[in-house]
């Protein structure tokens, strides 16, 4: 009996970076369960890849990040799949389907889903349906492709094994009779019990305990580690751009509190932002909760992952409800998912609200929901204010409110030059929605408002980025317009220190901004290192080249400056230089690559196709790196 049940269970594996792939995977799981099919839903890093041939059916939901990069959670799995000893029929008994989440404005659109699909097929697995590709550019986002793909998938699964859906692929249990149960349970504790745990704990240790007690419940290991690498306090908050120029770019300096900082140039730091206190209070009040009560949140069913179960059993300390909301639930920045509206419809007592919520949750209302919710970046708090009759149990909010995510920033300092400090270069994000509502980025605006005089502790996690630290003997061609210059400030600081104790290879740096007067970030720093004997000086065979796009009638970007320096670039490339590109993910990385292709073709006297292959080979040997963000 046990074996029979196992064979009928549908395995769904997801690899998510921002949380969208988790949502899509959970939606697939719910739809399968409503058709009577039991589901096992796992983050791909919780699955043992060596047991893949033992699975009958596997559904993969994977996102693509940056320039066609793998999400962190799939890296070990992917490395396993690439082993040369795996044969062409290793997965011959496995049927699979792949759904990808990507953005067609990027060059390597849905690259992870495409290469996973191909590799599974190469290893003998049988695709049940054509891979689905969700696109952020679609009027309904990725769901525009997910809905029709799911419909095809259910039919294919039913043909493959009718036992999966006992009553057919179309029949769904009535939503009214099958009201899903929340996946978490909350235990309320005595206030005295909670305060007893934390009463004599020092600030930093207390915050660390609170983070561990709140964030471990988040799905898919969103932070990689639950406990922060260190806590930072801000010591400097300086504007880099001219006031009133339409941009607000800041230079932040932080010092480690309680533990030392360790990182290399090119690394990334993840910061957990604070939330607006008034918004947190308004959410708690709207949900009729007691902010001072102490709670413990646990998953209801955790048979899938015993390791997580062990961890969760060790985190026994109850935490204050308000602290839990502050550290784990994004109530006033992120937009809720479609399922949030569906669950809300069950708890709406006003008929017109119930009807509107049911419409939003239906396939017919999908585009209108996208307009109302994602495009307007409506927050959980705003949605709740629009549907005042909805009163949901707190368990549902814990499950459905988007988790408060860490924000990643390229580090703009050298650890050797600034021991126990980390510097960041941050553009304060603000925009206007289609309905002319002003919006700001949660983390960048929170950081910009922080006063270095006040000791605000922020949890931080350090991680390798896409830009590996170069040895001093490696010639460098750096391209970093706007805040893309951030990691290269660290590179230049480090190379300047290295040059004091021995010979270093040349560095060419191409920087770009709108106006020399308004947003020439770190102007004095670059010019100082371009002077006689500096690492960017001609004397050291280096160079600093700045493109000011709006200072003349004809727009000038970094790629134009590169074409002016083809001889220098080609010379360094032939000497074995590595290329590093950082900045906006929009058109810049592909424009820069095109400029390199033209330079290689012209100076190397080879056809364009040969230049393309040459640069691909450069990337393969780890000498062409891109770190781009949207």
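Every residue number used here counts from 1 along the chain in the order it is shown.
Yeah, the Cβs are placed from backbone N, Cα and C, and that goes for glycine too.
Any TrEMBL annotation is an automated prediction that lacks curation.
Annotation comment: TrEMBL describes 10-154 as domain 'Flavodoxin-like'. What TrEMBL lists as FMN binding site is 16-21, 63-66, 101-110, 136. As annotated by TrEMBL, domain 'FAD-binding FR-type' applies to 227-475. Taken from TrEMBL, the feature FAD binding site applies to 377, 407, 408, 409, 410, 441, 442, 443, 444, 629. Among the features that TrEMBL reports, NADP(+) binding site is placed at 483, 549, 550, 555, 556, 557, 558, 559, 591.
Counting neighbouring Cβ atoms within 10 Å of each of the binding-site residues (16, 63, 410, 444, 483), the lowest count belongs to 444. Between the candidate binding-site residues, 408, 442, the densest Cβ environment within 10 Å is the one around 442.
By a simple count of nearby Cβ atoms, those within 10 Å, the most crowded of the binding-site residues 103, 591 is 103.
The binding-site residues listed here are 106, 109; among them, 106 has the most other Cβ atoms within 10 Å of its own Cβ. Of all the binding-site residues listed here (19, 63, 109), 19 has the Cα closest to the Cα of residue 377 (FAD binding site). Here residue 109 (FMN binding site) is compared against the binding-site residues 408, 442, 444, 556, 558, and the shortest C-alpha distance is to 408. Separating the Cα atoms of residue 556 (NADP(+) binding site) and residue 444 (FAD binding site) is a whole-number distance of 28 Å. A distance of 12 Å separates the Cα atom of residue 66 (FMN binding site) from that of residue 408 (FAD binding site). Each residue in the domain 'FAD-binding FR-type' (227-475) has a pLDDT score, and their mean in this model is 89. In sequence order, 514, 515 are the residues near residue 550 (NADP(+) binding site), counting only same-chain partners six or more apart with C-beta under 8 A. The CA atom of residue 63 (FMN binding site) is located 23 Å away from the CA atom of residue 442 (FAD binding site). Each of the binding-site residues 556, 558 was scored by the number of other CB atoms within 10 Å of its CB, and the largest score is that of 558. A 10 Å cutoff on Cβ-Cβ distances gives residue 66 (FMN binding site) a total of 20 other Cβ atoms nearby, all chains included. Of all Cβ atoms in the shown protein chains, 19 besides its own fall within 10 Å of the Cβ of residue 19 (FMN binding site). Per-class residue totals from DSSP over the domain 'Flavodoxin-like' (10-154), listed helix then strand then coil: 58 helix, 34 strand, 53 coil. Checked against residue 558 (NADP(+) binding site), the binding-site residues 16, 19, 410, 444 differ in C-alpha distance, with 410 being the nearest.
The Cα of residue 106 (FMN binding site) lies closest to that of 591, out of the binding-site residues 442, 444, 483, 591.
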